[in-house]
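*Asks:* Before I ask anything, let me first share the structure, which is written out below as structure tokens.
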Amino acid sequence: MDDESCEPFDLAGNTTGVLLLHGFTSTPQSVRHVGHELHARTGFTVTAPLLAGHGTSPEDLARTGHRDWIASAETALHALRQRASRVIVAGLSLGGTIALNLAVRHPQHVDAIATINGSTGIYRPDQARAVFDAPSDGYCAGIGSDIRHSERREISYDRIPTSTLHERFLLTTATGLMLPLLRQPLLVMQSRVDHVVEPDNAYRIVRECGSTEVRLRWLANSFHVATLDHDRDLIVEELKRFVAELGPR
């Protein structure tokens, strides 16, 4: 496994499928370790697509929006569903947001959801202000590699098109308002110290979702990109246990 590869990956296995989604401005590199370890320990079929506008250049990202990012995930979801008798959608950051979105809008295709530092529209004041204060060149500083582990890094854009901040704001806020419609089993994982996503988002997901099967797991040793941080193997084990507790399918 090449931990530095930004390419999408697909690991064929048994009839339990896991759709693993990366975050905003990032790539499948950020979830590669978790995906490969989960596959190795369980035999699950694990697929991680590259969301539209990601993995190339900030200029490419500027030509996309929330509908494009969701469409990338939907395409992967429908393809995985053809091979799997049940599908768990898991995602990091905006990938977690999209996982929740897909679960509400495609309940017949999503059997369970897991979020890792997912956003549902709770922003810090400075983050909300950035949506309105656009720099003259149309770009702001990147948000990648919020990692506690000193020897690991996330491959992500170092500049963010401000137009996509609006798109992210719309997607996260709208998805947060849809939470009462979510009915599937849900695992929420959240870093206690997160410099990108306000940790209160985890409480909101647990409090407002319509599911009767919800588990909240705090990650004590990682920052935002927990799938590359100290808790990355804990995340694998939490996902493994979560799926096992769903029972046979």
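Cβ atoms here come from the backbone N, Cα and C positions, even for glycine.
Straight out of TrEMBL:
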type: DOMAIN; residues: 18-117; note: domain 'Serine aminopeptidase S33'
type: ACT_SITE; residues: Ser93; note: active site, nucleophile
type: SITE; residues: Ile143; note: site 'Important for substrate specificity'
type: ACT_SITE; residues: Asp194; note: active site, charge relay system
type: ACT_SITE; residues: His224; note: active site, charge relay system
*Asks:* Going along the chain, which residues six or more apart from Asp194 (active site, charge relay system) have their CB under 8 A from its CB?
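*Replies:* Long-range Cβ contacts: Asn117, Asp146, Phe223, His224.
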*Asks:* Indicate whether Asp194 (active site, charge relay system) is helix, strand or coil by DSSP.
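*Replies:* SS state of Asp194 (active site, charge relay system) = coil.
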*Asks:* Tell me, what is the mean pLDDT of the domain 'Serine aminopeptidase S33' (18-117)?
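*Replies:* Averaged over the domain 'Serine aminopeptidase S33' (18-117), per-residue pLDDT gives 98.
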*Asks:* Comparing the recorded positions Ser93, Ile143, His224, which residue's C-beta has the most other C-beta atoms within 10 angstroms in this structure?
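*Replies:* It comes out as Ser93.
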*Asks:* Under DSSP, the domain 'Serine aminopeptidase S33' (18-117) has how many residues in helix, strand and coil?
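*Replies:* Counting residues per DSSP class in the domain 'Serine aminopeptidase S33' (18-117), I get 48 helix, 20 strand, 32 coil.
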